[in-house]
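Q: What follows is a single structure, and I will ask about it in a moment.
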């Protein structure tokens, strides 16, 4: 008991020393002991993987009994390809090839890698907290509360570090499952339902599971983009923000898949051309930008990889990026010259061009289907269906704007918001005609959220003459790395 009390006292003293050292620079860090969170995302990704795999296998056996060779072949393909890629991804992230774990590798060969990984994560979670374990690292983030940034420190224990690695791995597998397996699977089964003119209960169940998987994968893409872009900040999304993103992504993906399937019923061969043009465009877009910059490939993908291995990994990564953008907005842009392969800049022009172009493309696909639709839709009100699809995609864009306006976790870091952008566009003509050269003032914004316009920043002296040099929180995150390392070495 005395030793434990001495250790706690020494830790409190070290925390006070760290706080006092940073307080001299004008920022007071708050040291928290990180608590172990339940790996719910790992369980959800595993359940979706198993449910889709089992349902697809049952449906394939039904196709085999009815001699539907084409449907069976495509169903098995869209079932096995993402499953194999998920096994490779989990093995690559956890680096199991260099470790003596034959049982885990054998289960990966049986396509049961997510199951054993989920079991390992649950075992670590239930064992955590039963004994006191020293922290292995310190995490520093800036917490935003009411527009004020506070430097926070969290002591990360061994259990939380292992669970964080599992969560990161399953986030990647959820995206792979959604856009390399669930999206083509949903498109195929919806097309088969229209062609065969009846709904199988198993096929309906598979379509529902794949739609949930795609929505979850798109949600993970949005959250990962925010976390990568604002890596120095503690990102916390409210339940209302998740609900807004679910509606946004669900409407966007449902409308896109329905438009492609309806067009394929009228022109079965032309839809392949539409899909390939989209896929090739988004595949070669980052490579074209890379060649235009005349940069060199990043060497931090994997130290043991050669130039050829790095190129293969980047091509697979680009293929996933192209598949995502074919059906929905990926929320990130690739940059092969950057260390993290992701461009951290918020490209509002890309976002606006993507949704405008996608809206026009969906409108053209639905219009062509309307004039060349088959007899199967003679009992369907085609004009009403066209209007519903266009309204649904417009609602998806609306919920996207609402998210950036009101529910984005780092909206206070943006200079202007969507309200300011719309006010500027709507009032620009009125200001020019009514004021005759007089300088008009923009109405003050009622929310600090994102916008799609970039304007030059005002000098800090004009904004606040008394506090023209605010504390650089992000600079202190990296400036105190040496001090923390020395403290840990002295404690060891």
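Each Cβ is built from the backbone N, Cα and C atoms, and glycine gets one as well.
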Q: Among the residue ranges 308-332, 408-432, 433-457, 458-482, I'd like the one that TrEMBL describes as transmembrane segment.
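A: Among 308-332, 408-432, 433-457, 458-482, the range TrEMBL annotates as transmembrane segment is 308-332.
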Q: Give the range, chosen from 16-37, 38-59, that TrEMBL lists as transmembrane segment.
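A: Checking TrEMBL against the ranges 16-37, 38-59, the transmembrane segment one is 38-59.
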Q: Under 8 angstroms, Cβ to Cβ: which one of 71-93, 308-332, 352-372 has the largest number of such pairs with the transmembrane segment (204-228)?
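A: Between the candidates 71-93, 308-332, 352-372, the best contact partner of the transmembrane segment (204-228) is 308-332.
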Q: Against the transmembrane segment (105-126), which of these stretches has the most C-beta pairs under 8 Å: 38-59, 71-93, 308-332, 384-407?
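A: Counting Cβ pairs under 8 Å, the winner is 38-59.
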Q: Apart from its near flanks, which chain residues at least 6 from the ends of the transmembrane segment (38-59) lie with a Cβ under 8 angstroms of it?
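A: Here the qualifying positions are 75-76, 78-79, 83, 86, 111, 114-115, 117-118, 121-122, 125, 163, 166-167, 170-171, 173-174, 177, 181-182, 185, 189, 200, 202-203, 205-206, 209-210, 212-213, 216.
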Q: Using a cut-off of under 8 Å between C-beta atoms, tell me which stretch among 71-93, 308-332, 352-372 contacts the transmembrane segment (384-407) the most.
A: 352-372
